[in-house]
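J.: Below you will find the structure I want to go over with you.
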Amino acid sequence: MKISFIEPAILLNAFAMTLTIPLTAQYVYRRIWEETGNYTFASNSNGSECDQNKSSSIFAFREEVQKKASLFNLQVEMSALIPGLVSTFMLLASSDNHGRKLPMVLSSLGSLGTNTWLCMMSYFDLPLQLLIASTFIGALFGNYTTFWGACFAYIVDQQKEYKHRIIRIAILDFMLGVVTGLTGLSSGYFIRELGFVWSYFITAMVLIVNLAYILFFLNDPIKESSSQIVTMSCIESLKDLFYRTYMLFKNGSSKRQALLCLLIFTLVIYFFVIIGISPIFTLYELGPPLCWNEVYIGYGSALGSVSFLSSFLGIWLFSYCLKDIHIAYIGIFTTMVGMTLAAFTRTTLMMFLVRIPFIFTIMPLSVLRSMLSKVVHSTEQGALFACIAFLETLAGVTSTSAYSGIYSATVAWYPGFIFLLSAGLLVLPAISLCCVKSIGWEEGSYTLLVHEEPSEHTSD
């Protein structure tokens, strides 16, 4: 008997993702450190020692390693750009007809393959450049954005009422906060006690369990239409995907089109900043003046993951007295404050305290997705989230690539510049939300926008 709870799959995937990201960042950093010079990599939790060596050769060596690590991350992200965009769009858009499980399974297979390859690389000490090839192949199956987009569409399929949907999403954010927080907190101990090989092996095992759950236990609310599958060729199916995405923006009133474009722009730009700055935090903490070890990196990652929990509480509390758009404003402005403070942080204590303004970072992502889901028909949810996931994949890859390039160019003269740039970029989604407000977004008006649409978008 199959069940309809997507939460276990999301939490297992979140564990694997939260553990893999800091593992890979530190693995790449250490490999480049070892290949760049003759200095022995030592884990130091004392930032003052890092400060005292600013005039020595080790300080220049650290900066060189930071530059090389940033540029290598740029190459890795660029290798996943094209295959990630194509696979994400096709898998999620086709999920309206073929079910939500297909993109979940394929993206999990891609993650499993990448983690298995990282395990082999760390065990056999294979050339680091092979990571670029494995990332390219893994992106052909989708990525984390593909998985999350399919999961969100799955929840929308099940929860037809908006209030039930937002409660379930908020509870899921709470659970994600607990899982990612504990995983981030323990990631440093995984590296210290088990090493990279066993850490990647554990991640691969978790992904295998997740695949088994999705394949054998998870029910799919979208039933496949066998007649459509038989009569449509691959080319026709691809044309249908583009057609339904085109109709997503064409159908409805001009107000609905404007709201849809503005909300997507707001979500994508905010996502661009949040995803782009995430790996920079790790590089910034590894280098001077902080020089954190793997345990401190884990603490920082755990504090960053607390935003899932605090965002859940924020949505739950603010929803009683504020509208969705105002909740999104709070998340954007508090994140902007956090970015500005991070630019001037030079001590370990301050770096931990800087995480406080980031407590509502996830709120805009959850709220904006919910606002978007209210603007379109239930039959367009797959096309909508395929479009969002496509743009998020594009934004995610370009942001990490751009941020890595900018950080490598500015780390020598001012490492905190990238945080000030992020704070400035967050002005754009704030302005976009002002435009949404001026157009006339009101709570409850989204229902009218949906009913305004004709039913031309459905496939014959």
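Just so you know, glycine gets a Cβ as well, placed from its N, Cα and C.
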J.: Report, based on Swiss-Prot, whether Ser70 and Ala409 occupy the same side of the membrane.
T.: yes
J.: Out of Asn46, Asn251, report back the residue that Swiss-Prot marks as N-linked glycosylation site.
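T.: Record says Asn46.
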J.: Choose the correct range: of 154-157, 290-293, 362-365, 446-449, which one does Swiss-Prot annotate as motif 'Tyrosine-based lysosomal-sorting motif'? Give that range.
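T.: In Swiss-Prot, the motif 'Tyrosine-based lysosomal-sorting motif' feature sits at 446-449.
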J.: Would you say the transmembrane segment (348-368) and the transmembrane segment (136-156) are in contact under the rule of three or more C-beta pairs closer than 8 Å, pairs 6 or more apart in sequence?
T.: no
J.: Which value does the mean pLDDT take for the topological domain 'Extracellular' (279-301) in this predicted structure?
T.: 88
J.: Out of 74-94, 196-216, 258-278, 302-322, 411-431, what stretch is closest in contact terms to the transmembrane segment (382-402), meaning most Cβ pairs under 8 angstroms?
T.: 74-94
J.: For the topological domain 'Extracellular' (192-195), what are the same-chain contacts with Cβ under 8 Å, counting residues 6+ beyond its ends?
T.: 43, 122, 202, 294-295
J.: In the three-state scheme derived from DSSP, which category covers Asn38 (N-linked glycosylation site)?
T.: coil
J.: Which one of these stretches, 112-132, 258-278, 302-322, has the most C-beta pairs shorter than 8 Å to the transmembrane segment (196-216)?
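T.: It is 112-132 that shares the most Cβ pairs under 8 Å with the transmembrane segment (196-216).
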J.: Test of understanding: applying the rule of at least three C-beta pairs under 8 Å (pairs 6 or more apart in sequence), is the transmembrane segment (171-191) touching the transmembrane segment (411-431)?
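T.: These two segments do not touch.
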J.: Report the listed stretch (74-94, 258-278, 348-368) having the maximum count of Cβ pairs within less than 8 Å of the transmembrane segment (112-132).
T.: 74-94
